[in-house]
Every structure is written in C-alpha cells, then in structure tokens.
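Participant: Swiss-Prot lists these features:
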type: ACT_SITE; residues: CYS60; note: active site, cysteine sulfenic acid (-SOH) intermediate
type: DISULFID; residues: CYS60-CYS94; note: disulfide bond
type: DOMAIN; residues: 18-164; note: domain 'Thioredoxin'
Amino acid sequence: MTQVTFKHNPVTLVGTERKVGDKAPNFTVVNRDLEEVTLHDYDGKVRLISVVPSIDTSVCSTQTRKFNEEASNLDNTVVLTISVDLPFAQKKWCAAEGLPNAITLSDHRDLSFGEAYGVIMKELRLLARSVFVVNAKGEIVYTEVVPEGSDHPNYEAAIEAAKKA
C-alpha cells in the first residue's frame, strides 16, 4: 500500500489499492443535485478521476480547475472530481469559482469510491489526493496517489495518459 502523509503526518489508507491494468471497479457517489451517480454512467468515455480531500482548499481548488480546463480540449473525456464534501458545498464552490459545468461528486455517504480505490485516509475520514484515468473500455491506465496530501498531482502525466487512453 502506498505510504501517504497529510500535513506531514502519516495516515493509513483503507480500501483496495488499484494498479494500472486493473478493471476499474464501479462505485456509487452523489452529485450536486443529490442524485446517485456511478462510474458506469460514463461508460464509453475516458474518465479522468480527480480525487481531492476537500474542494474548498487552495491545492484542491487548483487541481479541480486545472484538470477541467486541460481536459476540455480532449475528445470523449470527462473529468470527475470526487471528495467527501457535502454536495451543497461542492455546488457552492462551483458557482463561486465560475465552473458550473465541472462534475463534482460526493463520496460522503458510504465512501464507496474511497473503499473501491484504496484512498480513504482512515484517521481523517477524507480521501487521499489522487488521480485515476480509466479508458473507454473500463481499464485503469494511470494511477497516482500523491505521497503528501498538500502537494499537487502530476497534472501533465495524468493529462497525457487521458490523451493516450
């Protein structure tokens, strides 16, 4: 399991660690309108899954904005930003940041995504900063679990993986 720190304190990741080549497991999360959404709702598309501890922090905000801006130029690609923030907070953030079309999804109910992808920080009940790219066939083609929660992911590598997927 990947070693992760949050504000330089070690945390325990819970769930099933995912690797390149794995079939992407389905999960159920909630969108800003409190509707259930699954990974399968986006079958046939490349999915760049951007995972943030909380959308309303500087690094998480930058991560969400950057991936949405970069991926808007990619064909057949959707960016899914997932956190445990309540859907109301996600909706408010998107409005304040001028990103009404960003897809923000909440894993607050039962941590279905976090468990399936091995990114629950047990001590904090937050998701570890990470990125997964799933191709149109449902295979994981890129993974990154950022070792320090306050650091940025490798934006270029993730976008490049989405382009090739």
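Start at 1 and count along the chain as shown; that gives each residue its number.
The backbone N, Cα and C atoms fix where each Cβ goes, glycine too.
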Participant: Here are the recorded positions: CYS60, CYS94. Which has the lowest count of other Cβ atoms within 10 Å?
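Facilitator: Least crowded of the recorded positions CYS60, CYS94, by Cβ count within 10 Å, is CYS94.
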Participant: Between the Cα atoms of CYS94 (disulfide bond) and CYS60 (active site, cysteine sulfenic acid (-SOH) intermediate), what distance do you get, rounded to the nearest Å?
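Facilitator: Each residue's Cα considered, CYS94 (disulfide bond) and CYS60 (active site, cysteine sulfenic acid (-SOH) intermediate) end up 12 Å apart.
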